[in-house]
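Visitor: The structure is given below, and queries will be raised subsequently.
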Amino acid sequence: MSEVHVYPVNQEIAATAHVNDEQYREMYQQSVINPEGFWREHGQIVDWIKPFTKVKHTSFDTGHVSVKWFEDGTLNVSANCIDRHLATRGDQPAIIWEGDDPTDDATFTYNELHEQVCKFSNALKSQGVRKGDVVCLYMPMVAEAAIAMLACTRIGAVHTIVFGGFSPEALAGRIVDSNAKLVITADEGVRAGRAVPLKKNVDDALANKNVTSIEKVIVLKRTGGNVEWHSERDVWWHEATAVASSHCEPEEMNAEDPLFILYTSGSTGKPKGVLHTTGGYLVYATMTFKYVFDYQEGDVYWCTADVGWITGHSYLVYGPLANGATTVLFEGVPNYPSTSRMSEVVDKHNVSILYTAPTAIRALMAKGTEAIKGTSRSSLRIMGSVGEPINPEAWEWYHHTIGDSRCPIVDTWWQTETGGILITPLPGATALKPGSATRPFFGVQPAIVDNMGNILEGVAEGNLVMVDSWPGQMRTLWGDHERFEQTYFSTFQGMYFTGDGARRDEDGYYWITGRVDDVLNISGHRMGTAEIESALVAFDKIAEAAIVGVPHDIKGQAIYAYITLNDGEIPSAELHKEVKDWVRKEIGPIATPDFLHWTDALPKTRSGKIMRRILRKIATGDTGSLGDTSTLADPSVVDKLIAEKQTIL
């Protein structure tokens, strides 16, 4: 491996940071030797209605997997994110909304946020929503998305947010699985100057015969665009809140009461409803936000993630607001209307902490200094990366160009399932290596195991697992605990399997090497290959399909589809477009294949299993050593695929 450049800890940052290297090591040791004592102390980072006496009650044992933290305590998330700040910072901005159009913005103080959340909480109650009911959000990136989330938590409803880029079919599937009672949406969203037909998509989803649980749809007027109206079902947000009281007492919730369901892509078809509960999740999101971003009084924090992803939950809304921070919520994209938009927003709002994705960084990097044209970015103090491993070249560009070589970069590794950041540098404590997520956060116990599950010590490469629980860990898959155990705990007994590969270097730093299961990472969004394959095979002209990921300069991975057509069907430019449009409709634009490879046959073992390893190598042009092909039923298929590869559209 080439020489790795090490960036020492920035001493100016270290002087005021919450922890230095020595303190990190000491706290980390405490957290793994005595997790009970450590989390008893740090569980106090949030306000409890009824204090907990029990801290950790967890098991990774096969057949008995159970995760419970602070299980006899009670609290309310909304009260922790808003009410507890009113006496000390009521007039401080809580949310700064920056519209898609650079002239569009709005600020909500903690007092104003409190009023809006209480009103919308009462509006939800007036539409029949009660504690424990599931509410589905399909929203644009507007402040009302955060208000709706906080209102759900205030009254004890469970929210499930579906990213606004998902299709009506994908939305319907998630509504059915979660048994949601009400949908919150907008007439339209706005993204890069284009309208997104959210209400129409909801109407289409609810027309699906399998969707039977939805009673009401609350619609926010974002653009004023024309929408179909179902008067017995649809309610305008502004009308529902106009008559609502601005007082709403927060519901007392048990630490293990469900907080939200968030669907993530599985390697076996149907998306999985990851369940996070109230106490452990909030403690972990609050604590990681404070330490990972070294949050200090007066910081303005901007996370560019959509609320529809876990990063938007933990580090756009809950983590920042629980810490009393000012969080920027951005409707647009980092390169619209110009390549320098991200830098312009930093200057406009004096952003001091920026958290974005390698995809955005690579897209801006391709434009060189255009990304910083006419901006100073002098307010920046800390920068972060999330969503996928960042390649060293992009890390260096982000550091030198966006951050003027001044700002530490926290390259964070975590998942929807983990609730919060697991492996990360801390700004005042960790020397940085571009491309490495570095060291585990407090209480996090990673290990690297070989394919037999043997723990590898020292410098090693293999499968990344966690050997013990942490408060932010998911509790189960909604309605399917068996699948939860099967997915995460059956591969390596007694350990949580992340699905990622990693290597550990001589300094104990972790480097994430990518997925080892059949899940793609497209622009930081996880997509199951099986979900895309299922959509393709549902197309009436396709007999069989296999999906692999190939490297992509901007998106990290592109989608490469091998397709076998039904007898009598002939590949054509028209069919090529039909297939892409079909996947876009079934799942959403993000799942659209970048490459279609028409073929008569796929490489299969004698037992009928598709050999994806070989398909990956062919797709990436790495055909020099295909490894063991002795189990192939028909080895000639491989040569044919290699020849066909030359003509891929």
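Keep in mind that glycine also has a Cβ here, set from the backbone N, Cα and C atoms.
Copied straight from Swiss-Prot:
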BINDING   ARG191, ALA192, GLY193, ARG194, THR311, ASN335, SER523, ARG584  CoA binding site
BINDING   GLY387, GLU388, PRO389, ASP411, THR412, TRP413, TRP414, GLN415, THR416, ASP500, ARG515, ARG526  ATP binding site
BINDING   VAL537, PHE539, ILE542  Mg(2+) binding site
MOD_RES   LYS609  N6-acetyllysine
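Neighbours and distances for these, please.
Guide: Note on ARG194 (CoA binding site): other Cβ atoms within 10 Å of its Cβ, all shown chains, come to 10.
Cβ environment of PRO389 (ATP binding site): PRO358, ASP411, TRP413, GLY435, ALA437, TRP511, ILE512, THR513, GLY514 lie under 8 Å away, each six or more residues apart in the same chain. For the recorded site, PRO389 (ATP binding site), the DSSP three-state label reads coil.
The Cβ of VAL537 (Mg(2+) binding site) has 14 other Cβ atoms within 10 Å, all protein chains considered.
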Visitor: Would you mind sorting out which of THR416, ARG515, PHE539 (the binding-site residues) have a C-alpha within 10 A of the one on THR311 (CoA binding site)?
Guide: THR416
Visitor: At the Cα level, what's the spacing in Å between THR412 (ATP binding site) and SER523 (CoA binding site), rounded?
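Guide: Cα-Cα distance, THR412 (ATP binding site) to SER523 (CoA binding site): 15 Å.
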Visitor: Non-local Cβ contacts of PHE539 (Mg(2+) binding site) (under 8 Å, 6 or more apart, same chain)?
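Guide: Same-chain residues close to PHE539 (Mg(2+) binding site) (Cβ under 8 Å, separated by 6 or more) are GLU578, VAL579, TRP582.
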Visitor: Give me the Cα-Cα distance between ILE542 (Mg(2+) binding site) and ARG194 (CoA binding site), rounded to a whole Å.
Guide: 32
Visitor: How many Å separate the Cα atoms of ARG194 (CoA binding site) and GLY387 (ATP binding site)?
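Guide: On Cα coordinates alone, these residues lie 25 Å apart.
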Visitor: Looking at Cβ-Cβ distances, which residues of the chain lie under 8 angstroms from ALA192 (CoA binding site) while being 6 or more apart from it?
Guide: ASP100, GLY332, VAL333, TYR336
Visitor: What whole-number distance in angstrom separates the two most remote CA atoms of the CoA-binding residues ARG191, ALA192, GLY193, ARG194, THR311, ASN335, SER523, ARG584?
Guide: 24
Visitor: Fill in the CA-CA distance, ARG515 (ATP binding site) to ARG191 (CoA binding site), as an integer in Å.
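Guide: Cα to Cα, ARG515 (ATP binding site) and ARG191 (CoA binding site) are separated by 30 Å.
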